[in-house]
Amino acid sequence: MAKPSIYLTTPIYYVNDKPHIGHAYTSLATDVLARFKRLDGHEVFFLTGTDEHGQKVEKAAKDAGEDPQAFTDRVSQAFRDLTATMGFSNDDFIRTTEPRHKDACTALWQVLAERGEIYLGDYEGWYAVRDEAFYGPDELTERDGVKYAPSGAPVEWVREPSYFFRLSKWLPELLRRYDLPEGNPERIDIQPESRRNEVRSFVAQGLKDFGEGSEKLDLSVSRTSFTWGVKVPGDEKHVMYVWVDALTNYITAAGYPDTNAERWRFWPADVHFVGKDIVRFHTIYWPAMLLAAGLPTARRVFAHGWWTNEGQKISKSLGNVIDPVSLVEEYGLDPVRYFLLREVPFGQDGDFSRKSLVNRLNGELADALGNLANRTLSLIQRNCEGRLPEAGDAVVGREFLEGVVALPGQLRERLDRQEFHLALEAVMASVRDANGYITLEAPWALKKTDPVRMAVVLRHLHTALRCYATLLQPFMPETAGKMLDQLGVPAEARDIAALGTALPGGIALPAPAPLFRKIELPAA
Ligand code: ME8
């Protein structure tokens, strides 16, 4: 039977800046889900990449005194390097300056134009180059004669001929799709719920204010004021609005316009992971464009929250940008991956603090999990001649083992809802149970009094550790791999289905070594 397929995407990041912790975070969440799904018998297509067109990038290149292509080649590489530093398992890395992407954008534009979904008009409005977005006059604030967008970016009055996309036509259909029940293939699921409500009322309000079909609700989709972009087919004075170009990346990588391409079977995407700043683009413009082109819409958009640094907004001007590369150098890759998804409920804002990072790593990884593994495996070395005891009756600890057996299902459920923190909490809750079990049974004392029971207890603990290590692979690939090595689990028995088959008793286990190091918090 063919494996079920799943398509997961990250935003494509602007190359006007170096990658920071926010970028690493979105891609990390996507990576963990991709790895979990692969372990759980799915065929996964995981896409990330860079967004290289638009006025903002053109300006950044100019400021750096570089040609835009040379500039984007250089900065895009930094994002590609980040995927290696963070251990991302993406199947493709798309750049919007690639020919395949220009072809896809051109083809999509032509389809929209042929279907009468695009028309030529004039655009006037307040435009923020930094956000690549127009704002309504009521959204602006003024200081010293300069008007600013809600994001803090200065805006300028722009008037130019522009092509428009008939967004207005699709808004009622979007509302219908937001409201469809779970399981309906046409549903556009926006998560978390609070974001869904926001988007829903934004669309409903627009329809109320301007009326269905009003041109005021249409989207300006081309620019003549700069040139760094994909040219509009048939009218090369215009380049496509960068968001039209950017969003199209998700179908380019699936082979569009060739809907017979092998990869096209992955479309529609199962989850677009995005930050909360770009929800509207993904839940309004993008599905409307797809509908207008007669293509299926992505199933879910999950918008996560914002990271602050020790309570402060992360910004270049404050000089408090967290560099993922130096974080990984300081604490190690797996601990950083663990912390980012453990600390903050996915979907909410979170604060990055070294103190909580150190506490989590020491308390949960080194003390709870690391010690459990080390104690269990050392006892097997010492008291069982280094051989895995046979699986025996549960005696005491049946309840504990039942909890372990239920874990894979719990993780599946949690991760299907992108509840990364709860998935990790479920594993940690079981680790705490296991520590209670080992303390209660005190297998180190059973050697003399009841060696049979000792062997059974150690075997149960081994079973639990194997389950934890298997399930933690998506979060901490290297450490979980080492743990599985120490547990004697062969490479072909490391997926989730394999947890259903016990390892044969009697196999020799290698000598254990510590999996995590404790970290000292520098004195304040
Ligand atoms: O918006 N906390 O690219 P971008 C958490 N090119 N996540 C953060 C963050 C923070 N402080 N800062 C950034 C773009 N992010 C467009 C996307 S998609 C078709 C085009 C993450 O480089 C978050 O995922 O500005 C956010 O959505 C993304 O970086 C924005 O990246």
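Glycine is treated like the rest: Cβ placed from N, Cα and C.
What TrEMBL records for this protein:
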- 6-377: domain 'Methionyl/Leucyl tRNA synthetase' (DOMAIN)
- 13-23: motif ''HIGH' region' (MOTIF)
- 313-317: motif ''KMSKS' region' (MOTIF)
- 411-520: domain 'Methionyl-tRNA synthetase anticodon-binding' (DOMAIN)
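Sorting the motif ''HIGH' region' (13-23) by DSSP state (H, G, I as helix; E, B as strand; all else coil) yields 3 helix, 2 strand, 6 coil. The DSSP breakdown of the motif ''KMSKS' region' (313-317), given as helix, strand and coil counts, is 0 helix, 1 strand, 4 coil. Counted with DSSP, the domain 'Methionyl-tRNA synthetase anticodon-binding' (411-520) comes out as 74 helix, 1 strand, 35 coil. Across all of the domain 'Methionyl-tRNA synthetase anticodon-binding' (411-520), the predicted model scores a mean pLDDT of 96.
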